[in-house]
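One structure is given below, encoded as structure tokens.
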Amino acid sequence: MAQGAVIHVAPEQPTHAVCVVGTATPLDVRGSAPKGYTTFGITASPGVIVDVIHGPPVKKSTMGASKWPLDPELEVTLQVKAASSRTDDEKVRVSYYGPKTSPVQALIYITGVELSLSADVTRTGRVKPAQAGKDQSTWTWGPGGRGAILLVNCDKEDPQASGMDFEDDKILDNKDLQDMSPMTLSTKTPKDFFEKYQLVLEVPKAKMNRVRVFRATRGKLPSRYKVALGPQQFSYCLELPGGQHSTDFYVEGLAFPDADFKGLIPLTISLLDKSNPELPEALVFQDSVTFRVAPWIMTPNTQPPQEVYVCRVSDNEDFLKSLATLTKKAKCKLTVCPEEENIDDQWMQDEMEIGYIQAPHKTLPVVFDSPRDRGLKDFPVKRVMGPNFGYVTRKLYMSELTGLDAFGNLEVSPPVTVRGKEYPLGRILIGNSGYSSSESRDMHQALQDFLSAQQVQAPVRLFSDWLFVGHVDEFLSFVPARDKQGFRLLLSSPRACYQLFQELQSQGHGEATLFEGLKRKRQTINEILSNKKLRDQNAYVESCIDWNRAVLKRELGLAEGDIIDIPQLFKLAGNSRGNSKAQAFFPNMVNMLVLGKYLGIPKPFGPIIDGHCCLEEEVRSHLEPLGLHCTFINDFYTYHVYNGEVHCGTNVRRKPFTFKWWHMVP
């Protein structure tokens, strides 16, 4: 909230003061009253509004002037109607009265100035002049909320640059400028005003490394933008001419919200009195604009696809052809990372997660680069980040990482309402251990802190450490649905698979085999149903999935009708530490690629009944009534045998939400 310095009156000599248009400036009448005086009267020139907060006047004189008692509850404020054309051109006279003394007068000379710091606090995409008396220092959420928004300038307009745009202190061109939030300082003063007064723009020292402010000088060339605030520079003295003047600034974020940074950055303009060189500068007026750094937002499977990413490796040519056909149907771009750039690391989903950031004036896709740093480690930096495509990461020591820090373990739900609480951008889903032990694995706390700090997609922690790889995309997915809910949650289900196989066995199909057409030992339905060890292992897996089912129903507000069980069997295998973890027994169909109504599902190689794979037919029977098209893709030798499937080997850039994140209430 804008604040002016208290004006103290002095009966023995005139007082000179500055009042800013639109701000009520306190006038200390009682503290300066001579001893023995009990009431006062006040008059002002036409350009000054006087407001006395008190009970009714004690006495009204024949001239119409009022008198007020000098009580402790007394409050007097002054407001000027307009900026002064010359110094001291407005006057206020205070008259003190006592029962046994002659009246004493104090004279205050007022200089009115216009001074406002304006930003897009109404979130329209344009800077409007600051409204007098409107608080710009408080940032509020919701459809009626106010407060400016700031983007982290994390793209790279110059492809030849070594880093992101915010990593230097230059503005490259107008495109770079569009990633920043404009701010304007407007002043109107007497011509000689700044001979005795100084304006200073500042940011709290604790936040100067989170923001950079450029001042625009004449012209529009990049060299005409000078750094005013930023790392190592928390204040900036403005040298301004008197009269009416406008100064433009451009503000860029340097850091995303995180555990140690809530995302709020106040920028403050201070007016200082430097008229007496023998005294320190005195604070006359102060106003602030608070920016919030836009959060990084994930996009769920229900958002329309725009681009699919995949790796070319030595033996996945047929997989790539199938994927090309699918992306063509879905009308989205296919980007293939060549072998020499991925170094046999085909796990595109694990390497990165593509989301976006948004301000009223700009939306920017941003890739979140996982800390796993394997063969694909350079792909997000060299092939994804670029002009109008941002980048963020959290660097961690390799010794601190587990498989749960890869981004197959990072998903997001569609929008949900939970016990009356709306999550219009969905909720982030991450996998952790169900309980702590010396062998348990969790997503690194630094990653969890970053995701939680974004505020708009409150994370839900699931139990995934029971899996060999340990990722949530191994047992869940979401698909769009043409109904009020708008989606279905898909969960892998050993129970559903056993029920299907038992039904087929009862129909006389017990000798039908899995893995037909593969160089792999075939197993009949009868053999699978009679394998007690496999049944026991899948009973354990089912208990783990059921635990997550309950969490998802509670935290996403789902009913059983919102969930589809996808038949799937698992087997247990020892990991590097000798602990038993679950792997997919046949290609894991829930680990699918969702491109609108087109689904790329791992081909399960289930038993063939009447010329059709019974597992494929079962999945079609659940998904095609929703208007979805199922394409089963053979990923057996290129992905499945390495503990991954179609989703693990691909990544998708999706269309941002139409819902504006600042309209929600976290």
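Every residue, even glycine, has its Cβ placed from backbone N, Cα and C.
According to Swiss-Prot, the active site annotation covers Asp350, His471, Asp473, Cys648. Residues annotated as Ca(2+) 1 binding site in Swiss-Prot: Asn153, Asp155, Asp165, Asp176, Asp179. The Ca(2+) 2 binding site annotation in Swiss-Prot covers Asp155, Asp179. What Swiss-Prot lists as Ca(2+) 3 binding site is Asp165, Asp168, and the listing cites similarity to another entry. Residues or ranges marked as Ca(2+) 4 binding site in Swiss-Prot (evidence: similarity to another entry): Gln349, Glu353, Phe407, Leu410, Glu411. Among the features that Swiss-Prot reports, Ca(2+) 5 binding site is placed at Glu351, Asp369, Ser370, with the record citing similarity to another entry. Per Swiss-Prot, the feature substrate binding site maps to Arg374; the stated evidence is similarity to another entry. Residues annotated as citrulline in Swiss-Prot, with similarity to another entry given as evidence: Arg212, Arg218, Arg372, Arg374, Arg383.
Everything Swiss-Prot records as a feature, shown here on the structure.
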residue: Asn153; record: Ca(2+) 1 binding site; DSSP class: coil
residue: Asp168; record: Ca(2+) 3 binding site; DSSP class: coil
residue: Asp179; record: Ca(2+) 1 binding site; DSSP class: coil
residue: Arg212; record: citrulline; DSSP class: strand
residue: Arg218; record: citrulline; DSSP class: coil
residue: Gln349; record: Ca(2+) 4 binding site; DSSP class: helix
residue: Arg374; record: substrate binding site; DSSP class: coil
residue: Glu411; record: Ca(2+) 4 binding site; DSSP class: strand
Inset, instruction - Whole-number Å only: compute the distance from the Cα of Cys648 (active site) to the Cα of Asp176 (Ca(2+) 1 binding site). - result: 34
Inset, instruction - Work out how many Å separate Glu411 (Ca(2+) 4 binding site) and Arg372 (citrulline) at their Cα atoms, rounded off. - result: 17
Legend entry - Spatial separation of Phe407 (Ca(2+) 4 binding site) from Glu351 (Ca(2+) 5 binding site) - C-alpha basis, Å: 6
Inset, instruction - Within the same chain, and leaving aside Asn153, Asp155, Asp165, Asp176, Asp179, name every residue whose CB is within 8 angstroms of the centroid of the CB atoms belonging to the recorded Ca(2+) 1 site, in sequence order. - result: Leu151, Cys154, Lys156, Glu157, Met164, Phe166, Leu172, Lys175, Met180, Glu252, Gly390
Inset, instruction - With Arg374 (substrate binding site) as the reference Cα, tell me which of the recorded positions Asp168, Asp350, Glu353 is the closest one. - result: Asp350
Inset, instruction - Using the structure shown, find which entry in Asp155, Asp350, Glu351, Glu411 (the recorded positions) has the sparsest Cβ neighbourhood within 10 Å. - result: Asp155
Inset, instruction - Write out the long-range same-chain contacts of Arg383 (citrulline), meaning residues 6 or more apart in sequence whose Cβ is under 8 Å from its Cβ. - result: Thr335, Cys337, Glu341
Legend entry - Nearest-integer angstrom distance between the alpha carbons (Cα) of Asp473 (active site) and Leu410 (Ca(2+) 4 binding site): 8
Inset, instruction - Excluding Glu351, Asp369, Ser370, please set out which residues of the same chain place their CB within 8 Å of the center of the CB atoms of the Ca(2+) 5 site, keeping sequence order. - result: Asp350, Met352, Glu353, Val367, Phe368, Pro371, Arg372, Asp373, Leu376, Lys377, Pro380, Thr393, Ala406, Phe407
Inset, instruction - Tell me the Cβ neighbour count for Asp473 (active site), meaning other Cβ atoms within 10 Å of its Cβ, over all protein chains shown. - result: 26
